[in-house]
Amino acid sequence: MMARALVQSTNILPSVAGERAGQFNGSRKDQRTVRMLCNVKCCSSRLNNFAGLRGCNALDTLLVKSGETLHSKVAAATFVRRPRGCRFVPKAMFERFTEKAIKVIMLAQEEARRLGHNFVGTEQILLGLIGEGTGIAAKVLKSMGINLKDARVEVEKIIGRGSGFIAVEIPFTPRAKRVLELSLEEARQLGHNYIGSEHLLLGLLREGEGVAARVLENLGADPTNIRTQVIRMVGESSEAVGASVGGGTSGLKMPTLEEYGTNLTKLAEEGKLDPVVGRQAQIERVTQILGRRTKNNPCLIGEPGVGKTAIAEGLAQRIANGDVPETIEGKKVITLDMGLLVAGTKYRGEFEERLKKLMEEIKQSDEIILFIDEVHTLIGAGAAEGAIDAANILKPALARGELQCIGATTLDEYRKHIEKDPALERRFQPVKVPEPSVDETIQILKGLRERYEIHHKLHYTDEAIEAAAKLSHQYISDRFLPDKAIDLIDEAGSRVRLRHAQLPEEARELEKELRQITKEKNEAVRGQDFEKAGELRDREMDLKAQISALIDKNKEKSKAESEAGDAAGPIVTEADIQHIVSSWTGIPVEKVSTDESDRLLKMEETLHTRVIGQDEAVKAISRAIRRARVGLKNPNRPIASFIFSGPTGVGKSELAKSLATYYFGSEEAMIRLDMSEFMERHTVSKLIGSPPGYVGYTEGGQLTEAVRRRPYTVVLFDEIEKAHPDVFNMMLQILEDGRLTDSKGRTVDFKNTLLIMTSNVGSSVIEKGGRRIGFDLDFDEKDSSYNRIKSLVTEELKQYFRPEFLNRLSEMIVFRQLTKLEVKEIADIMLKEVFVRLKNKEIELQVTERFRDRVVDEGYNPSYGARPLRRAIMRLLEDSMAEKMLAGEIKEGDSVIVDVDSDGNVTVLNGTSGAPSDSAPEPILV
């Protein structure tokens with residue numbers, strides 16, 4: 001290898017001569033031209049048994065001047081072996097290429113392969129510039145009407161396709177190398193320390209000859225016009241280029257900042273940023289900190305969605321308007337994309353190199369204010385084993401005031417990351433950003449209204465704006481203003497626009513028919529049935545005309561409606577905002593419709609179809625639901641909280657289930673917690689989640705997670721007296737403030753839940769007092785007896801539960817014992833459930849009055865409520881039916897009558913014989 005290098009070194013003499021000629025002529029050309037571009041011809045001679053290098057070489061005189069040796073010069077170049085005419089470009093030049101410029105060169109090589117050429121010429125570089133697609137050069141060429149397809153055709157016309165062997169490494173032609181040299185010169189003239197796709201295009205235009213120039217000429221592009229457009233897009237005029245060539249620094253560009261940052265001040269000047277309403281105090285404080293001599297780095301700290309980024313945008317808008325003190329006047333706010341900065345840094349040192357370049361550009365400019373959103377990502381960014389992360393690289397500059405940086409992060413992330421690094425924390429001055437009030441949010445929404453109206457092409461009413469702020473504050477508890485209110489008006493606008501953009505039902509049907517006919521027509525053409533295809537085509541044209549007419553009619557109707565309403569397009573009303581809140585949370589906040597009003601007024605009747613008796617409890621629950629639905633309940637407390645006390649089996653849990661079924665949709669809509677599972681002290685943590693370090697910490701609490709997912713529901717704490725006393729302490733804040741903090745520190749909102757606690761405390765008192773309540777007593781005497789029992793039960797509850805717990809409850813309801821008549825009604829409900837199960841098996845069941853009385857007699861027990869009734873039905877009916885079905889006496893499609901004979905035995909009759917028709921009740925269908 002060294003021998004080959006020695007032989008090849010003799011071929012660099014033309015470059016050496018050029019170097020010396022440049023020195024004698026007083027040229028400013030860099031003495032490193034040899035390093036930047038060489039044309040080496042591989043010598044066909046071979047040296048065998050080479051013993052070593054001589055101490056002196058023809059190049060040594062030149063190389064010593066630049067502090068280099070032949071060894072280092074040869075090592076700096078990358079050689080590619082070729083039979084003859086081997087060309088190469090040293091790596092040092094490509095180090096200055098941007099990623100887009102490197103992509104252009106790679107695409108040029110791909111184009112050469114595609115055309116079968118064993119070289120990369122100016123025409124391939126031109127194709128690469130067009131194909132890159134995103135750079136300045138590609139945009140300029142596209143604006144001139146030059147596309148890749150036409151350019152390829154022109155190239156093939158001029159030079160044709162090759163058919164030779166294509167190697168892995170394709171060399172450059174001398175003219176292509178000249179283009180690369182000229183692109184370097186163009187970059188220097190523009191004051192850039194990099195070579196981008198725009199410089200390659202300028203070099204291509206400056207070369208002026210070759211296939212690429214002919215292609216541009218054939219495509220009708222004016223090279224002078226292209227050059228002007230490129231320089232304009234780069235941000236330089238002809239005069240500025242001349243000034244920078246003359247030694248000025250005004251042409252200095254900041255490629256790293258442009259690549260990894262966004263200029264907020266420029267966006268503000270162009271009016272592309274949303275207006276910032278309020279936040280005057282925070283912007284003033286940020287301005288004060290930026291005016292400091294050292295440690296002039298404000299850090300905006302606040303909850304997610306309170307408007308931290310908006311403060312940086314507000315500062316950029318003030319700078320653009322000139323409404324800032326002279327300390328920061330004329331500066332640019334540039335937001336840095338940390339993800340983009342880290343992306344693609346595969347090798348060690350790449351990230352640090354990017355960051356150092358960025359810092360150098362900021363120091364040179366002295367007019368940059370860097371904004372880093374999510375500033376905690378600095379810590380650990382780019383850090384590999386043995387590497388330094390971004391925070392440690394930035395620390396010295398942040399402390400000395402060389403770098404003005406605005407950070408933004410949440411309270412949690414600030415505590416977790418920045419406070420753990422005191423050296424970084426002291427360099428940032430914290431600026432607290434509180435959540436705005438509802439009134440401030442309304443002002444913010446009114447400021448943003450115009451932008452959203454333009455985007456959605458509709459109009460927002462003042463009522464909708466106010467409803468968005470108020471309803472989001474009341475019902476969406478896990479997010480912060482103004483973010484959640486802005487999301488509400490945005491989604492409501494999207495919903496209304498989609499609703500108005502929908503085609504009429506008739507047009508949708510015609511479109512469906514049109515798709516079918518088009519499909520049939522294509523099949524007919526494939527089957528060469530052209531006569532049928534012609535008929536279908538005529539039908540297709542008719543349908544298209546009909547659909548077009550319907551769409552025009554719909555547009556005219558919408559236009560007339562908007563003109564009648566004096567509004568630009570559809571209108572977003574308060575009802576639309578309410579609908580979005582309901583769809584987000586599941587809480588009905590829309591105005592009560594007529595149907596729902598009737599349902600709420602008849603709620604007692606509805607609940608009584610499943611819960612027999614217990615009028616006091618049913619009325620209390622119905623009142624609470626009505627109060628909540630019309631919006632009269634206390635917004636800071638749950639809908640209601642009850643203790644249902646009474647003997648077992650009288651319908652305490654059943655009432656909660658029936659409420660969940662009839663009003664909340666299904667029994668599963670209820671959150672049921674069996675408090676007998678929380679008898680021990682350590683099990684209490686299951687409600688809110690295990691503490692850190694314990695099993696189940698990541699899963700969340702049984703109560704808190706369920707309520708977070710379904711905030712509008714019934715929460716049933718069954719058998720509350722079985723729970724450990726610590727449970728009651730935890731429930732105090734739920735009952736009073738409607739909130740509970742889980743093990744992860746998140747606040748769960750209970751303001752839209754109905755809390756029901758069942759208890760058997762006082763059942764012995766009810767049993768003793770209940771015996772005196774007979775069937776023949778007057779209503780007044782019944783009520784006085786019930787009131788006496790209620791007072792006794794309340795006293796017993798006070799002995800068992802702490803006063804601060806009982807005092808927070810909405811109501812303590814004592815359930816009565818069931819009478820025999822009520823048990824008979826319950827028997828009908830339970831029998832109906834059996835009928836439904838058999839109906840699913842296609843067996844029709846009827847029971848006689850005698851059998852019903854037998855069930856009630858066996859199942860009635862005042863002390864145990866309705867549960868003995870279920871056992872009686874299971875024993876008398878279900879067991880008898882199961883035996884007959886297994887014996888094959890009852891099959892699908894049979895009609896079965898269950899009766900009791902004179903001896904009191906249950907008889908199951910298949911068919912209608914053996915039982916009088918008047919005694920057999922009609923099957924109860926559900």
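Cβ coordinates are placed from backbone N, Cα and C, and glycine is handled just like the others.
Note that the coordinates shown come from a computational prediction; the quantities given were computed from them, not determined experimentally.
As written in Swiss-Prot, here are the features:
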type	residues	note
DOMAIN	94-236	domain 'Clp R'
REGION	97-162	region 'Repeat 1'
REGION	172-236	region 'Repeat 2'
REGION	257-504	region 'I'
BINDING	302-309, 646-653	ATP binding site
DOMAIN	511-546	domain 'UVR'
REGION	572-763	region 'II'
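Location within the structure of each feature annotated in Swiss-Prot.
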| residue | record | DSSP (3 states) |
| --- | --- | --- |
| G302 | ATP binding site | coil |
| K308 | ATP binding site | helix |
| G646 | ATP binding site | coil |
| K652 | ATP binding site | helix |
Protein Cβ atoms within 10 Å of V650 (ATP binding site), excluding its own: 27
The domain 'Clp R' (94-236): DSSP-derived helix, strand, coil residue counts: 96 helix, 4 strand, 43 coil
PLDDT averaged over every residue in the domain 'UVR' (511-546): 81
Cβ-Cβ neighbours of K308 (ATP binding site) (radius 10 Å): 25
For the domain 'UVR' (511-546), the number of residues DSSP places in helix, strand and coil: 33 helix, 0 strand, 3 coil
Winner by Cβ contact number (other Cβ atoms within 10 Å) across the binding-site residues G302, P304, G646: G646
Least Cβ-crowded entry, counting other Cβ within 10 Å, from the binding-site residues listed as V306, K652: V306
